[in-house]
Every structure is written in C-alpha cells, then in structure tokens.
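Asker: For reference, the structure I am asking about is given below.
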Amino acid sequence: MLPSQSLLHTVVFALTVLQALASDTFIAAVYEHSVILPDATIKPVSPDNALALMNKNMDVLEGAVKEAAQQVLVVPAIIVTPEDGVYGWRFTREAIYPYLEDIPDPAVNWIPCTDPTRFAPSPVQERLSCMARNNSIYVVANIGDKKTCNSSDPSCPSDGRYQYNTDVVFDPEGKLVARYHKYNLFRKETQFNYPKEPEAITFETPFGKFGIFTCFDILFHDPAVVLVNEFQVDTVLFPTAWMNVLPFLTAIEFHSAWAMGMGVNLLSANTHSIDMAMTGDGLFTPEGPAAYHYDSRTEKGRLLLAELSSHPRLSPTYPAAVNWSLYATSIKKFPGEKDSFSGAVRRDIFTFSELRCKIGNYTVCQGDLCCHLVYRMSNKSKDEVYVLGAFDGLHGSLIKYHWQICTLLKCKSTDLNTCGQPVETAQTKFEMFSLSGTFGTNYVFPEVLYSGVQLAPGEFEVLPDGRLKSKHGTSKPLVTATLFGRFYEKDLPHPLRTST
C-alpha cells in the first residue's frame, strides 16, 4: 500500500530535519525576479484582478522554488524572493489596497496551505505556504499587510487602516514562522506606513538563527545592526528592490561589503528591471560572495544557489575583528595633499586628490576623516585618471544619515570635473594598493569593484589594523576600492517619524 500524501510529506520533512541536525551547512537560494507589473492607475482594481496579477508573478516564483528544491533534494534549504516580487510597484495608497492581506502574528501557529479559511481570505499566503510545504523548503517572500485601526489610536491614518511593506517566511511544513514590517521606507513608498517601533524579527532553524529586514533598512542601525549585534543572527534574509548607483551603491558591491563588515551571511534577492536600474543579487558571506549575479542588459530572472556555513562565526576562517582606524591614526606624519580639489558624487561633495604617478603614497582629509593610500599601478592607461577621495558628512535629501568614506576611484574621463560620476569600465590594473582611514565608527564596509561591475572575491583582504589591501594585485582593471563607513550616532532624526 502506498503511503498517503500527508504521511509522505511528514517523512520527507523528518528526513530534512535530521539532515539539518547533522549538517553545519545549508543550501541558500535567491531569485532575481523580472516582475510583471500592474497597469499604472490611481483607482483600485477589483480583488480578482489584483489576485490575477499576483498569481502571474507567483507562477514565476513557484518555478524558481521548484527548481531550487529539485537541486537540493533533502538538504536543508531556504529560498529568498525579492521585495515587490508579488505585485510590483506603481501604486498610490488607495491603488495598492486590493493587493493587501491581513497577515497574522506567527505565534498563531498557522499553516495556510492546510487551513486556508482560519483567518480572513488569504490566497497569497495560502499559495506561498503551499510552495514551501510541497517542496519541503523555507520560502521567503515580500507582500503587503493591512491592519485596521480607529480614532482611539492618534496615529491611525484617515482611511482607518495601516498598510505595511511586509516580509513573510514559511517553513518546510508551510507554517508561517516570521513576519516583518519594513521600518525604513524609501522616499517613494508613500503607499505604506512605518511601524511605530522597529521590529527585530528572528527565527530559529536546525541550521542556524535567521533575521530578516528589507532593502533600505540595511543602511540604518535599526533593525540591521541590532539584529546582528544584539540578537546574534547567523544569516540575514534580505528581499530588496535595489536601484544601482555607482560608484559605491550597486547592489552586489554594497551587500557583499555589508556581509563582510558585519560578519554574517546575507541572502540578497533583488527585483530585476533595466528601466529602474534594478539588478544584482547574491549569497554573501563574511569572507566574500559565494555567488552573485549582475545583468543590466537583459530582462531575464536568475536563480542562484550556494552552500553556506550555518554558523559562520564558528568557522576557523572567520575574519578577525578589525580596528578600522588603528593603522591610519598611527601614521606619524599625515599631511593632506596641497593640490586637493572638490568633486561631487551625486549630491555629496568629496575632497579628491589626483594620483599623478604610477607609484604613490597619498593622503586626503575632510572633516574628522583622513584617508591614506599606498599603491602601485601595473599598466596605467594614459586615458584614465584615478583619485583618492574622502567624505565625512550627511547624505540624503529628506532622510539624512552620516557617511564616512575613503575611496580610490576611476574618474569618468581625464577631466577632473568628472571624478565621482558613474563609471562601469576601466583599463588600469594595480600591482598593489592599501587603503585606510581615521574612521570614527566601527561600522565600515570594504568594497572592491572591477571593470564591468564585477566583484573581486578572494583578491583582497582587510587587516586587523583597518587596512584594505590587495593580495596579489588586481586581476581585472579597477573601478573602485572603497571603505564605506556608517556613523550611526551622527544621523539626524527621521523627519517623518519625529513629526508625528
């Protein structure tokens, strides 16, 4: 007699748990999704039309889930899908309402796949739950939550409801195990509300402790730093809709740098849209990228898989602690270059100094930050100019947060006025470089970007005294080498939250 489908699922799940208990690694997957977008409208569509659009996207996501599950069999696994991956964007507050569901607290112990009518209609949660259950894999998705409120709540919006950009996690049984409401909304997300307090969402698995937050959250202390430092998560799940901004803020370079700087795994799943400059996802570890993808030319989605350490802090190769200012502050003579000049990286005014020779030792300062560079070029192109730059100040228009940045970067042309403008390609390689700075923060993220927007895994190291060094020169032409610091204590109060 053949076992029932329910019994078969129980056996498969039990095998998965046993495998996880016996393993110090797990299979991580992320899917970069080319989202099917709704028609732009200020009027709400019908619930049926909203669900039809979401089902089209979930058809694609389910294909990625099945492909990931088929490749990993019973090895413990998790797949992360992108922010906005189920319904896209182009919404007003009113227009997004038909796409939202009431997502309960995971403490209710609910499997939507087997008990879909327990709460309000929730076809999206039901389908995501079944994706996880039918494939015996953790599934992470980004959807919208709605919560009613009334006049007794002074913060209640005039339409009587809160609307949240929300991440959900379903375990291999299909149970809802995590719900996270995005705290740091990007300036165009006017369709959503901020939760009153930042949420530190974690959940335990047989293969490590996980935390979760969304996109813009990664640039702030709450919840990003709190999850890592106070809750000691091993891995961060990161649905994102990241718009690439050269020279420092492309998705792959900053997300890889953040994982290295914070000492955790980061599973970054990006939406894919050439028109919106959205691409770049990866499986990033404290030692560099295990796998990454960047495609600014086609409209195709992409699934990535890699085997990661369940507890990276216990690894014998886990990077040593870094004092990010030790080397730079120990230099006895630290004069600034006399021929320094100002240049703009978007709205931020950097202090730059041109690298005039193939070999050099340069210093440039701004505010409390001095950046020091020792370098030797191997094939200096006559048509290319490189500079050492420093920035110490507030970044952002509406929301202002404090950066400290030391960077070696290629200018767009030989005209120094182009230094800081976006550049994707280069011809010059370096035999060596060593970059350091007098940072006032311990939160510094090391980045090296090669020509063609490629990372440099295994080709650089960070020394305990705060120096970012090439190991054996650069195998490809260099676009930027950067130490990106976040001085959280100097951030200005959030203007929207403080106004209420």
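Heads up, the Cβ atoms here are built off N, Cα and C, so glycines get one too.
Automated prediction, rather than curation, is the source of TrEMBL annotations.
Residues or ranges marked as signal peptide by TrEMBL: 1-22. Taken from TrEMBL, the feature domain 'CN hydrolase' applies to 37-310. As annotated by TrEMBL, active site, proton acceptor applies to GLU83. Look at TrEMBL and you will find LYS182 tagged as active site, proton donor. Per TrEMBL, active site, nucleophile is recorded for CYS215.
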Asker: To what whole number does the mean pLDDT across the domain 'CN hydrolase' (37-310) round?
Answerer: 96
Asker: What is the total of other Cβ atoms whose distance to the Cβ of LYS182 (active site, proton donor) is within 10 Å?
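Answerer: Other Cβ atoms within 10 Å of LYS182 (active site, proton donor): 26.
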Asker: Roughly how many Å separate the Cα of LYS182 (active site, proton donor) from that of GLU83 (active site, proton acceptor), to the nearest whole number?
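Answerer: Distance (Cα to Cα, whole Å): 10 Å.
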Asker: Give the distance between the Cα atoms of CYS215 (active site, nucleophile) and the residue listed as 'active site, proton acceptor', rounded to the nearest whole Å.
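Answerer: Each residue's Cα considered, CYS215 (active site, nucleophile) and the residue listed as 'active site, proton acceptor' end up 8 Å apart.
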Asker: What count of other C-beta atoms do you get within 10 angstroms of the C-beta of the residue listed as 'active site, nucleophile', across all chains shown?
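Answerer: Its Cβ shell of radius 10 Å holds 26 other Cβ atoms.
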Asker: Sorted by position, what residues of the same chain at least six away from GLU83 (active site, proton acceptor) have a C-beta under 8 A from it?
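Answerer: Looking at Cβ-Cβ distances below 8 Å from GLU83 (active site, proton acceptor), excluding near sequence neighbours, one finds ASN142, ASN165, THR214, CYS215, PRO239, THR240, ALA241, ALA269, THR271.
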